[in-house]
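*Asks:* Pulled these from TrEMBL:
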DOMAIN    22-706  domain 'Myosin motor'
BINDING   GLY115, GLU116, SER117, GLY118, ALA119, GLY120, LYS121, THR122  ATP binding site
REGION    583-605  region 'Actin-binding'
DOMAIN    859-1033  domain 'TH1'
Amino acid sequence: MVLGSEGVRVMESALTARDRVGVQDFVLLENYTSEAAFVENLRRRFKENLIYTYIGSVLVSMNPYKELEIYSRQHMDRYRGVSFFEISPHIYAVSDNAYRSMRTERRDQCILISGESGAGKTEASKKVLQYYAVTCPASEQVQTVKDRLLQSNPVLEAFGNAKTLRNDNSSRFGKYMDVQFDFRGAPVGGHILNYLLEKSRVVHQNHGERNFHIFYQLIEGGEEDLLRRLGLERNPQLYQYLVKGNCPKVSSINDRNEWKVVRKALSIIGFCEEEVEELLNIIASVLHLGNVHFEEEDSGSAAVTTETQIKYLARLLAVDGTLLKEALTHKKITAKGEELMSPLNLEQAASARDALSKAVYGRTFTWLVNKINASLAYKDEVYPTSRSASVIGLLDIYGFEVFQHNSFEQFCINYCNEKLQQLFIELTLKSEQEEYESEGIAWEPVPFFNNKIICDLVEEKFRGIISILDEECLRPGDASDITFLEKLEDTVGGHPHFVTHKLADGKVRKVLGRDEFRLLHYAGEVNYSVNGFLDKNNDLLFRNLKEVMCQSENNIVTQCFDRDELTDKKRPETTATQFKNSLAKLMEILMSKEPSYIRCIKPNDAKQPGRFDEMLIRHQVKYLGLMENLRVRRAGFAYRRRYEVFLQRYKPLCPETWPNWDGRLADGVSTLVKHLGYKPDEFKLGRSKIFIRFPKTLFATEDALEVKKHSIATILQSNWRGYRERSKYQRLRLAAIAIQSWWRGVLDRRRARIRKQAADTIRSFIKGFIYRNHPRCPENEYFLDYVRYSFLMNLRRNLPKNVLDKSWPKPPPALIEASEHLRKMCMQNMVRIYCRKTQPEWKNQMEQKVTASEIFRDKDSYPQSVPKLFVGTRLSTEEINPKVLQALANDKVKYAVAVTKYDRKGYRPRSRQLLLMSTFAVIVEQGKLKQRIDYSALRGISVSSLSDGVFVLHLPFEDKKQKGDVVLQTDHLIEALTKLAISADKVSCVNVSQDSIKFTVGRGKEALIDFTVGPELLITKAKNGHLSVTAPRLNSR
Ligand SMILES: Nc1ncnc2c1ncn2[C@@H]1O[C@H](COP(=O)(O)OP(=O)(O)O)[C@@H](O)[C@H]1O
Ligand SMILES: [Mg+2]
């Protein structure tokens, strides 16, 4: 009743267009209480093919009975997202409004389509569905769902619709369909609830009516070999179930085309070939069942005469033919605990057969709906358990129906319409008026007819018609349709909406049969014939027929006939009660959703375009309660909003309420409307809502908001951007902090680990140190290893550089022995390397040096001589007189050195040369060989321990030729004497004297050389006749 929060917006152009033909909204009607004016407005618009008109937000729809160019894609686009009143009334506007309410308010919606049979309800529901299929966002997966949603219609219509007198495509079942939308607003699934199929139509049709479309479609459209398989012929006249109404062909229906549509739809919905085949087997079997005939045997019991039909039936239903035949003509009864087959008479057999046909068809229809539901089921792949879908329900249920003969089906259908009317009253007329009252708005109640009284008459517990019917059905004894009628007269006889022949006065009595009762429905009077009420309500199928069906191998039949049914002793609910209960459930479903209404009106009974039957239309306007609807609407307020909603939406229009109002909501709204310049008669303030009388007031406000929106948008935008950037920054910052702290943690943990390791090392080191002298044990092994290791490392770095280098790191106690080994090895190695590198000359040199060291160790000048290399000779050949060389011709001079010879007498120094030969030495003066000393004759050699160069060669005394020992002096004493000692093999004969040397001076006479330490070298003859030698001390020992 109330506009969606999207609000409404008016445009000048739209306003004028709206008023061009009549009024687009009855609320704008000048004379709104006049029914004539109402109908006149309908007529004017109908003439111009304007079939849609609003009463507020209720859509009144006239059936044009012709195709209008108002359902194109462009039309759909035009209504998308546009406010309700902006453009001309259309079913798309209602659809879109419901959709947007669902999206914005997250509330489930339902669209209730009502009107009598043929008024266009089914067409309207298809238009709504199409609108969603085309305009809603779609993905590939959604596309299949959309296709299936759309294709469920032709299938259900083929099996559940039929031509009636009222409507060539009349729905013979009620349908409530939920379309489920996901959070993006895409249709993602659906679910259908079906209500009471008119099964009696399978076996019987009134004159001018047909059976369900599918039979004709199959016969007209089925391919040759399909028909052959099904044992059918292309002639509906041949089938008893198709000829009762005597109109197998209808000009407005093309069964052959429809067949193609249905076949395609079946495969889109997801039927596989086998399923289609099995389904058609069942349809064909119903036709064959209709052609099963019986004859009366002598005993009076019925027998089947049409064997071929039984054969086909056995094959198509996949049951045992003989069993079926028996079950069709017998009834299983249990007497005294024994099961007996009691034969049926002709009439009973025919009704058993018809009961089977109805059961098979009816259950197959239910199976079909379930199958479609399975294919439409919403499979949420992302959040399988969440109920994320919003729903729009579409109710298209059989409309109010009055025929010449009305039976149980019409009773149920019209009861259903009573219930829907009740719902409409509850949700619109009543609730609206109650709202004014509860809001404390001064209000003059608008009277309206509340049909609750009729609903009660039908459904009340114990006293209602359905209760009485059930009671008659259950009662043992001779209950019949007539006793039921009598019971009705007894129980509800006095009810103002109930009459029978017996109770009626003369005038009514004339038009009421004795087997009829009349109900005064909200939509008019209907006479119901009670014939068949009990049977139809019982909906009985003999047990043995059920048993045969339970054994079927047709998959669909097995699903339809559950074996549990056979063992279940509980009496099933009667048809009427089932229907009553399912309607009660439906009402609950509808009450839980936000409703939109489409009220359909049929313009004439002839299904003709352009014909406006005023009587008929007036009647519908009346019983649909449209006038009351309008009056409530007009007397009341077109729009209402809770204060907080209204304030929230329009607060930008007033500086005091923008951006926030702190005070009471009512005061805020009051301030706001004052600022907007609302006149006192334009609005009322209730307890929690503001009520606005005229649409134009709200339109103007909406327009103002639209203008204002731009500036608000800028503010919002900048705020939003700021907010977004800030939160982005905050996010980044937090992320950085998180990383930082994490990294710091890592670093610190690493550091702590290292520190701990270090501490552990130190600790074990200290412990090791304490235990270092213990034998190896866990406490000290690390320490010992470390000490070892570090010693070896240290050693590696500090190995002796050469053979003379005696340095060696101090080993730890544990390694002393190893160290010693190593040292030796190292030394040996170095020596080995050294030796390998040594040249012969050098070796020679070394030998001489070693000999020198052996001899002169105690001599003062020795240390100085060590680093000075011995040379081959001190005098080259050139420096030696050639005569000498000549004289020594056949001997080679091995070494020559300049010496000073001291005379034996006087110790005068004379410059001489000393030449060492291989077996002797010679002292040479210029060209003369002065003295030859054979090595073998050399008795010894004496030197002092000081640093002087004086030495004495001791010669044998007995040698006459020799003039005694020779005293010589040379600067190269150590070198010369070493060579001499080696050459003469007199190493052991060299004598180092401390203070003096005694020597012989010819013929046994002895002399002395005294050595003293003095500042410098001085060799003189002392007063005592000794040769005195003073030499400086070079080494302090
Ligand atoms: N909007 C429409 N445009 C054209 N024809 C319509 C429209 N609504 C209904 N009809 C015609 O009226 C017939 C009956 O409509 P239908 O919706 O089946 O009625 P209901 O379901 O109310 O009994 C349809 O078969 C169709 O020919
Ligand atoms: Mg219909």
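Every residue number used here counts from 1 along the chain in the order it is shown.
From the backbone N, Cα and C atoms, a Cβ is placed for every residue, glycine too.
Heads up, TrEMBL stuff is auto-annotated, nobody curated it.
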*Asks:* Using the Cβ centroid of GLY115, GLU116, SER117, GLY118, ALA119, GLY120, LYS121, THR122 as the reference point for the ATP site, which residues of the same chain not in that list have Cβ within 8 Å?
*Replies:* ASN63, ASN167, GLY399, CYS600, LYS602
*Asks:* Counting only residues 6+ away in sequence within the same chain, which have a CB under 8 Å from the CB of GLU116 (ATP binding site)?
*Replies:* ARG166, GLY399, PHE400, GLU401, ASN417, ALA523, CYS600, LYS602, GLN620
*Asks:* Using a Cβ cut-off of under 6 Å to any atom of ligand 2, determine which of the binding-site residues GLY118, GLY120, THR122 qualify.
*Replies:* THR122
*Asks:* Counting across all protein chains shown, how many other Cβ atoms sit within 10 Å of the Cβ of SER117 (ATP binding site)?
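*Replies:* Counting Cβ neighbours of SER117 (ATP binding site) within 10 Å gives 23.
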*Asks:* Which residues does GLY118 (ATP binding site) neighbour through Cβ under 8 Å, counting only same-chain ones at least six apart?
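*Replies:* Counting only residues 6 or more apart in sequence, the Cβ neighbours of GLY118 (ATP binding site) under 8 Å are ASN63, THR164, ARG166, ASN167, SER170, GLY399, LYS602, LYS607.
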*Asks:* Find the average pLDDT over the domain 'Myosin motor' (22-706) in the predicted model and report it.
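*Replies:* Summing pLDDT over the domain 'Myosin motor' (22-706) and dividing by its length gives 90.
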*Asks:* Residue counts in helix (H, G, I), strand (E, B) and coil for the region 'Actin-binding' (583-605), per DSSP?
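*Replies:* Its residues divide into 9 helix, 8 strand, 6 coil.
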*Asks:* For THR122 (ATP binding site), what is the secondary structure by DSSP, using just helix, strand and coil?
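*Replies:* Its secondary structure by DSSP: helix.
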*Asks:* Taking the Cβ of GLY120 (ATP binding site) as centre, how many other Cβ atoms lie within 10 Å?
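*Replies:* The answer is 24 other Cβ atoms.
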*Asks:* Is GLU116 (ATP binding site) helix, strand or coil when read with DSSP?
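*Replies:* Going by the DSSP assignment, GLU116 (ATP binding site) belongs to neither helix nor strand, so it counts as coil.
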*Asks:* Within the chain of ALA119 (ATP binding site), which residues six or more apart in sequence place their C-beta under 8 angstroms from its C-beta?
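*Replies:* Once residues fewer than 6 apart are set aside, ALA119 (ATP binding site) is near SER61, ASN63, GLY399, CYS600, ILE601, LYS602, GLN620.
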